[in-house]
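Here the structure is laid out as structure tokens; the discussion comes afterwards.
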Amino acid sequence: MAVVFWVCAVGAVAAGIAVFRVDSMARATFALLASFVFAGVAVLLVELTYLGVLVILMMVMEMVVMVVFMVMYMMNPAGLMPMTMVHNQKGSLGIAAGVFAVLAAGVYLIDWPDGGPPRPDDPTMQLGEGLMGPKMLAMITLGLALFATIVVTVVLATHRGRYDRYGDALDRATPDDPVRGGLGR
Amino acid sequence: MDVTGWLLRHTPPRPMVVTAPGGTSARVAVERAVLARGWRPALNPARTNLLVVAGHAPWLEPYLRRVWDSIPAPRVRVDVPEALDERLLDDALAALRDPVRQRTHHTEPVEDVFMADRAPDRDGLTLDELHVPLGPVLAYWPAGLIVHTRLQGDVVTAATVEVAGAGTATGDAFWSGADPVARRLDACGRLLALAGWTDQAVVAQRLRDAVLDGRPADGLARFTARVRRSRTLRWLLAGVGHVTDGPFAGDALTRLYGWLDGTGPPPDTRWALDHLPELLAGTELANARLVVASLDPDLEPSHHG
Amino acid sequence: MVEQTPWWGALVLPAVLVAFAAAAVALDRGLDPARIGFGAAVAAPGRAVAGLLVQQRRRTLAADGLLWRGAGVVLVVAAVLASMVTPLGRWVVSDLSVGVVWFNAMEIMAWAAVWLAGWGPNSAFALVGGYRFVAQGLAYELPHMFVLTTAALGAGSLRIGDIVAAQQGLWFAVWMPVAFVVYLVSVLGMAFARPFDHPAGADLAGGALAELSGVDRLVLSAGRWVLLVSGAAMAVPLFLGGGAGPLLPDWLWSLVKTAVVLGALVWAGHRLPTVRMERYAEIAWMVLVPATLLQALIVSLVVL
């Protein structure tokens, strides 16, 4: 256990540092992914299985999508053109040091329970109910609102809407798409 | 125990056939032998260990040398200028499996840097643009054809056609002396292979060989029905390389059906070369490949190249 | 119902997976229209391995070797880890409480692996192949996730053991047919097996795998086949009642069912041309997402 923890802890920090030391967008992204996966395994160690696995699942997806966009915008074909992830060095150093200090102080200042009540069978479930139990309706509404926001943002941001595809009167039989899709439209 | 020798003896040959213009008869013979021996063709230099050159063209040599340099050992090159002597393949296999002859190779990375630019893409963003040539050494690609593409991601933004070392576009003499059904089956097989339907592509090849031999092409009707019945193929090829009018009006699917039924016009190389740039612009790479295969340009060898 | 094996179960698992993968390769070659015969088909996987072991590793100019060669290792490890929660009869290496999510998380690793394999060699065709797989991943993943959720809904648990137990009366494949079919389709998609092999397509001269040779190719191909096996094997506890069956012991039923699913997937690959993503994506989003959501709704109503 302790060994795994230390491997993950050192691995996460080392991979995190690597993000800013490597000179290719792909390497930076996948170093960041490695850092997240180490953190996910650390979450697994405290037996928050669901959260740990979810961190790994979501981060792999997100980083792969991110690398596509980053490579696209940062013009870094196959690492041929070196780049750096370091911007606004002083400011970011200050913020990082500040956040670290606050979190580290929290570790020592918070009065952690010890001995106390036994561990629940399913901590994730307990955590979820603790957070949302009495406010389930509000959470569901919030979830829907968030989802609607995402959809609306995409609709507003999209380069080609239905009027571009089907004409101003929406009367085109087949949409004007650069590539034909699978529904034969 | 000699592990390397043992592994070499059990290495399956993976031929990669490169055709020079005018090498169709050699290509057909090689394809037939490869199928009969149960060898699996390789799609790229990394996978092959048997570079088979069908036909002969001096202008192709620099390309072949680059391909050869990028083939990892063990590797053997076989030249089949005209007719295929089966012993050539036997010798190649022996050379492939001979540890002494395979020992000395050492490949260096081949310089294969594509020119990169930036250009507006179809969504109005400024993105990288690569200059990537398609051909002349490419699986299921017409012999002697080079299409210079500008690629953004996998979108061909512009294409120009180069006919390497070829004079006119009357086509390989091999086909003019053969049954047109064989020519059509050859085109069908290559299009189907490119569309990823290897199984039916092999059936098409078998039927082609039977027609060329003058044997009865049993199963031609069944093959035609099978391919025509496939809803997936219809769904995948419909709308690819759409041409509004002229002899080739329709899409890759109608052209394939035309070959199958023998009703459509035979491939017209001149027409294909003239129209390819405009047909390829704006397509995705996969569609671009299918468009070329559905027009199947057939180039005549140069007499002075 | 399901019990965890001792530690050595983790050593047996890769061996079983590799055996299945070899059998799948042999079947694939046996179904080839070249008709190489039974003996040659059985020998094919071994000979392919021999050929790759003796082949030189290819280098390309300005390649990112670490990411490129690491891709295969990631794929193999993820494919094996995905099966860690798959029970063989009564035995499972790890009966995680969130087995379904674990399985999905490991499959997703393939996205990273294939993209890296395409990116690494600095080759246009390989890169396009890598990007195709990301598009393919996005297209199959959402329906796939809903399908996994549906099976979990049916059992009211994310634990694979519970899902098997919930099928004692009726297999999920019977009353969740849409979910079962979409699951099989997405298994082919995630292993980029035929007919979803466009990321490694003939039109790209091998796509994401175009520049790989030697032991690098061996590792990546092994990962690809093991991933297909892992997907096929997971169909058994999720939809086909796990090890349940008459007469035979449950571990044998698990093996038989896995073999049947795997065989059907490989066979389907020979029956169909390659499905291109620009066509499939629209079907996935416009047809499969609503269909799987509807299936999930029906299942939750029934369970309610």
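Using N, Cα and C of the backbone, Cβ positions are placed for all residues, glycine too.
TrEMBL annotations: computationally assigned, not manually curated.
As annotated in TrEMBL, transmembrane segment covers the listed stretch C:225-245 rather than the other ranges in C:204-224, C:225-245. Here the transmembrane segment (C:36-54) has long-range neighbours at 21-22, 25-27, 29-30, 213-215, 217-218, 221, meaning same-chain residues at least 6 beyond its ends whose C-beta is under 8 angstroms from one of its own. It is C:225-245 that, among the stretches C:66-88, C:108-134, C:172-193, C:225-245, C:280-303, forms the most Cβ pairs under 8 Å with the transmembrane segment (C:251-268). Nonlocal intrachain contacts for the transmembrane segment (C:280-303), taken as residues 6+ away from its ends with a CB within less than 8 angstroms of a stretch CB, comprise 135-136, 138-140, 142-143, 146-147, 149-150, 153-154, 156, 175-176, 178-179, 182, 185, 196. The listed stretches are C:66-88, C:172-193, C:225-245; of these, C:66-88 has the most Cβ pairs under 8 Å to the transmembrane segment (C:108-134).
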